[in-house]
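K.L.:
I have a structure here, written as structure tokens, and I will follow up with some questions on it.
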Amino acid sequence: MERFIINSALDMHLHLRDDEMLKLVVPLTSKNFAGAVVMPNLVPPITTKEVLLEYKKRIKEACKDDDFNPYLTIFFQVDYTYSFLEDIKDEIIAVKLYPFGVTTNSETGVASMDVELLRPTLQSMEKLNIPLCVHGETKGFVMDREKEFLPIYESLAINFPNLKIIMEHISTKEAVTLLYKYENLYATVTIHHLLLTLDDVVGGELNPHLFCKPIVKRYEDREALLKVVLEAYSKIMFGSDSAPHPKNNKEAADGAAGIFSSPIALQVLTELFEKYEKLDNLNSFVSLNAQRIYNLAPIKKQVNLIKKDFIVPEIYTFENEQVVPMFAGKTLLWSIE
Ligand code: NCD
Ligand code: ZN
């Protein structure tokens, strides 16, 4: 097969940042994707309608002539009232919950995952049919953080049976198993959790550009994720979690967590699905499953992939901003025409 068409690709977990970085990264998604779920962990985070609408406007401007739908989210707060959520509902696709301090810009996250504390807001969301996206990690040992969080997912799923709960960027085989157990649990999966293990980050020379939260895990975890993704299990969607940080903040002590993968995502996915002879399932993973789960009717947009080497740029720049993509300098087998 020398060509492959992806229809209305959707990235269901994306960080676009702001200012120069926003102008740098938005076109790298808006050119090929029909839409993306935009994370609210700016500094300060997005928690009001006013700030949200301004941010949406800046994203739209950065898209230039690209036809692209940014689906915005707000940063979960325990004091969101029913009327606040009712008023903002049409402007957002979901509310994103971060436990305090578990990842980049989560200092204003919830202090406790006690269900009773979260109940008023989650009940309102359930009534209003607003999905909940969750960064599911504890503050335990880095390799166990997601696994330790799974009982919390279970408790949320049981307590709020009509709430759609999206386990973001799942990274373990145990998370995959949990997906099958509760009807109202869904998940996004990144390309890095499908392709890498901890060996790629610290097993040889340290690679800060592959450092992210949740950290990539064991071979058996990658296998379990690959299996459900390649079959395009209906509760799983593609979400890149592409999370750009300036080069200086990545190649540093106190290096920031986040992998910038937007520019290579579709090429890498095509290579992966082709390798396992599962290209027939790729459109479900990158678009159709998300359409069904979130009830979306994205704009029509075709991306033609051709089997031709693509050398990943070493760096992307805009004015003073510089960001290093995942697999910088590597050769991929598929290019976008
Ligand atoms: C993300 C970021 O940089 O905003 N970082 C990351 O490692 N994935 C936040 C997140 O999604 O956890
Ligand atoms: Zn993220």
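These residue numbers are counts, starting from 1, taken along the chain as shown.
Here the Cβ of each residue, glycine as well, is placed from N, Cα and C on the backbone.
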K.L.:
According to TrEMBL, LYS96, HIS135 bind Zn(2+) 2; which one of HIS169, HIS192 is listed for that same site?
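P.N.:
The candidate from HIS169, HIS192 that TrEMBL ties to Zn(2+) 2 along with LYS96, HIS135 is HIS169.
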K.L.:
If I go by TrEMBL, which of ASP199, ASP200, ASP221, ASP241 binds Zn(2+) 1 at the same site as HIS13, HIS15, LYS96?
P.N.:
ASP241
K.L.:
Considering the substrate binding residues HIS15, LEU16, ARG17, ASN41, HIS135, HIS245 given in TrEMBL, which of ALA232, ALA253, ALA257, ALA265 is annotated for that site as well?
P.N.:
ALA257
K.L.:
Which residue, out of the binding-site residues LYS96, HIS135, shows the minimum number of other Cβ atoms inside 10 Å of its Cβ in this structure?
P.N.:
HIS135
K.L.:
Might you list, by sequence position, any residue in that chain lying six or more from HIS245 (substrate binding site) with a Cβ less than 8 Å away from its Cβ?
P.N.:
THR104, ALA256, GLY258, PHE260, VAL323
K.L.:
Distance between HIS135 (substrate binding site) and HIS13 (Zn(2+) 1 binding site) at the Cα atoms, whole Å?
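P.N.:
Roughly 11 Å, rounded to the nearest whole number.
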K.L.:
Of LEU16, ALA257, the binding-site residues given in the record, which has the fewest other CB atoms within 10 A of its CB?
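P.N.:
Minimum Cβ neighbour count within 10 Å, taken over the binding-site residues LEU16, ALA257, occurs at ALA257.
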K.L.:
Please report the Cα separation of ASN41 (substrate binding site) and HIS15 (Zn(2+) 1 binding site) in Å, rounded to an integer.
P.N.:
8
K.L.:
Taking the Cβ of ASN41 (substrate binding site) as the centre, how many other Cβ atoms fall within a 10 Å radius?
P.N.:
22
